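Heads up: the structure comes next, in structure tokens.
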Amino acid sequence: MAAMNKEMKLLIIQYLGYENLKETMHKMESETGLFFNIKYFEDKILTGDWDETENYLNGFTNINENRYTTKIFFEIRKQKYFEALDRQDKMSAVSILVKDLKIFSRLDEDLYKDIAHLITLDNFRENPQLASYGDINSSRAILVSELKKLIEANPSFRDKLVFPSFSPSRLRRLINQGLNWQHQLCKNPKQNPEIKTLLIDHTCSSPRKYRPRTPTLSVPPAADAANYPSYAIAPLSAAPTPNPVTTSPVNENPSSPALSVPTPIAVTTLPVNENPSSPALSVPTPNAVTTLPVNENPSLPSQSPAEIAASSLPDTSTQVSVPMHSEMPNTLESMDDQSNTLEPMDDQSNDLDQEMRPIPSSQADEEVHEPEPVQAPYTFEPEPEPVNPLFDQLPRTVVCKLHQGSTVTSMEFHPFIHSILAVGSANGEVSLWEASLRERLISKPFNIWNISNCSVKFQALSMKELSMPVNRVSWSPSAGLLGIAYAKHLVHLYSYHIPNGLQEHLEIDAHDGSVNDLSFSYPNSQLCMVTCGDDMLIKVWDLDGHVIFIFEGHGAPVYSVLPHGKENIQFILSTSVDGKIRASVYYDKNFQLEYDTPGQCCTTLMYNADGNRLFSCGTSNDGECFLVEWNEDEGAIEKKYSGFRNETAGIVKFDVVKNRFLAVGVENQIKFWEMDRIDVLTSTDAEGGLPTLPRLKFNREGNLLAVTTDDGGFKILANADSLKYLRDIEESIQRIDTNNGLIVHPVRYRIVTIPENMGPGNKVVRLRYSNNGDALLALGSKGVQKLWKWIPNALNPMGMATARFVPKEYRPSSGLLMTHDVLNNCDSAIPCLDISKNDAYVVAACGGTISLFNLISFRVMTGFMHAPPAATFLAFNPEDNNTVIIGREDSEINIFNIRYHELTTILKGHQKYITGIVFSRRLNTMVSSSADGQISSWCMSTWDKKKSVSIQMSGCEKALSGETKIQFHIDEVKLLVCHETQIAIYDASEMELICQWLPQDGLSAAITSAAYSCNGQLVYATFLDGSIGVFDSESLQLRSRIGSSAYLYQTPSDSENVYPLVVAVHPENPYQFAIGLSDGYVKVIEPTDSAVWLGQKVPVVQMDMD
């Protein structure tokens, strides 16, 4: 009952949210302590509502509960103290120090003294440890990030951070069911009852009164039976009707509000017991409103529903009349007298039962109602039985079956191209499949690359065995490498190039015996390969094949390895076939941690997507399957999942998708669980043909699932969203763009989606490569600024930007963020930025003060030119990094010297805000553009205006308005002009139009951005419908076209209207570019062959934007 009490409160919390009673909802969250709304908590911190922050927190924990909680309260109060010091409010700072922070002095007296000393400083940033302390907004953002980690690690918040998933209308549905039940108890149920209140029980009013008499109820003729359900009372001795249709008087499916469907062949008997010495019998039928049996002898128990359903039907051909019993006790009251009553849910439910009783029997004595024929029972606010919304998220629909040719032993999807699947098989063959195309991209049969480098033992073995089963295929985190572990000694490492380039990279004779598992890890920020084997060892290899770590300790063959890291500590979890789990820490071989798996069984380990929940699945020697969640801090089982029925021979396989679901291949089917619930959510047999213990693998997005079949193949299952994408692929492959014949498919180029986006509602509006080509800098529409860098490795030693590897978001050791002075109405602000020639500084603004950031430390070096008017475009002077050219919303152009903090020149000549500024040292010219459609050239020596022209449509004399973007060609003479209506090239020396391209044919949407490639041979342009065009820079002839579905299918976004807002070109690779999307994501794209961009005819994927 405690669980039901908890669920009632959760239902109320959900209802309050849907009714937009947010304040009440959050109050109840805190008072019940059932659900910690992390988003609400973060909002309160970001707005500085410290009292509500602590009040909300106190509903779930207290300051002394554990070290995590103590740290949380300390960080909150410390931030509150720093902000008081920052605004020079010494009185408040002293109050916080004495009332809020004093309690922590018992834990660290020295720290408290250091904090107290800050109040004596004019600026607390004079303390060296606080020199990098940013402004209030940035420090609160950092605090939110740190507190979120503490909360997730805090056992007080376990199972309270995710709200349970159930139907949005669950509370209303329960009320409907209650009303239906009450209506069943009405003595004279109406076909269309009227519900006026929920505060008292529903009863149908009496149609009329009359004197008591003995009624005779007739059974209607058989022809009318379907329309008039009978209320005739038949004697117990009546002959049974052949082939009766019976239903139980109790609704055995409480989730369904609808009552029984009427049928034409049944007669209901009212449960009147004429013999007080024996129990009452009755036969319910689906064609009538049934009530529970009435027992006129309280000393005898009421008959169970099962007994009632087993009774015989009376003969429908006999008309009978039986006097109504005027002393018939009320149905609910008779239930209360028996042992069949439900146990109350809490102390208050007895009172509720008293309020919910129907009309007392004394009132029933005063009046007798003439029963009226009624139709099937009425359902209040009828709703269709809801389909669990979670089912749509699970891939349960088979979309294709593919034949590998040998038993599939291992599978893994590409981390970023979510439809490419690596498959290893029993004959040693490794294949790459493209699920969206239903085709094999490449196949590599087993082969020993260099037998002389292998051990003598393996050389002898290889003479006997021509092929070896694959035990494991594993992608590296960036998907640039594919590792293969074989059943005998060998590990193969391939370098991968999209779509079907597998090149031999490294062969290792890794273990004596089978290599049972393979994974990748980053000890000391270096990509390494981790293997384990029958020799009871775990080995860590660099990408040149050198062993850098060997871990011992297992007493049996090591079955699986799982590298992981927490709090900057890198370690490896491993399991052995004798049921042991060990943790091995890099650089600390003395660390020992070991515990047993449930059932002492061979087990596989996996983390959820966030890496904070650990699961294991295995099979004991007795064939019992175990699926559990672990408490890592205690080495104990947190949760054991149920749903395994039969004993199995073999090792069961499982997978984890995102932070929500678990899937296990067992009993010739796939079973799914929610992580937070131990019972099976659903299952599927994938239309049959699965082995007893099928292997399975999700893609990273969780929308595709591969499962092995028993005939040497595998099936691909998809969820609802992925089905739509795959259908679009099928249709578009068959479609050729008849206008220009140029089509581009995703397997023709490499693409990498940067995992971290700019945040909710934050569009990428400015995007720049670093001048060295090793980093990307993005600025969002709400002032969020992020920097990503490529980490050097063996395949990318210079760490250059590439679509073969995923870059990492760069954060300085101080934890600072690049934050901006953003106006309250940031939607109207125009973000702008530029990077200095030496890549050391970035100047940026988002509607407020212009900031100069150090790109290494993220520190704000200075701020200048406060708004209004706000800056709308920024550019470093190519001749002097200390000079910034500022375009402003009042149409002025300012020349500002940062070193001397001096405004040196003001240029006027435009009518609307400035949208672009570029330089040509060859012509000694600066060119500016504005939202009035005007392009002006200026002499860089004197800053005098040289010439001004307005961009126009062909045949139209009126100048165009709107944002105009400009860029110089590498020759510094030709000028690229981009407007939503056209792409044009001008001769900047004379400001004369050379050529012009207007949206047409397959590219008819508005243009959002355009840029020259670094060698000046191509122009990349993006469009509002998501398309990307590649043009020849001399003639603006379209060379290649990318449909939106060719790259948007990888975007982890639920938004359908996603399109690129900005394009940036690599400074050294002319065939690589990056796009910033309206959903906040950044993608880097480059072709597998430059011919793709130069116009070879290849098929197009074109998304239908419904």
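Just so it is clear, glycine is given a Cβ too, placed from its N, Cα and C backbone atoms.
Unlike curated records, TrEMBL annotations are generated automatically.
Annotation comment: TrEMBL describes 35-92 as domain 'CTLH'. Residues of the domain 'CTLH' (35-92) grouped by DSSP class, helix first, strand second and coil last, total 41 helix, 0 strand, 17 coil.
Here TrEMBL flags 272-371 as region 'Disordered'.
Taken from TrEMBL, the feature compositional bias 'Polar residues' applies to 272-305 (among others).
For 328-342 (among others), the entry in TrEMBL reads compositional bias 'Polar residues'.
What TrEMBL lists as compositional bias 'Acidic residues' is 344-353.
The feature repeat 'WD' is assigned by TrEMBL to 508-544 (among others). For the repeat 'WD' (508-544), the residues of the chain that approach it from at least six positions outside its boundaries are 453-455, 457-458, 471-472, 474, 476-477, 481, 483-491, 493, 550-552, 554-563, 565, 570, 572, 574, 576, 584, 586-587, 791, 793-795, judged by C-beta separation under 8 angstroms.
Here TrEMBL flags 907-938 (among others) as repeat 'WD'. Remote same-chain partners of the repeat 'WD' (907-938), defined as residues 6 or more beyond its termini with a Cβ less than 8 Å from a stretch Cβ, comprise 830, 872-873, 875, 877-879, 885, 887-895, 944-952, 959-968, 971-973, 975, 977, 979, 986, 988-989, 991.
Here the repeat 'WD' (508-544) is broken down by DSSP into helix, strand and coil counts: 3 helix, 19 strand, 15 coil.
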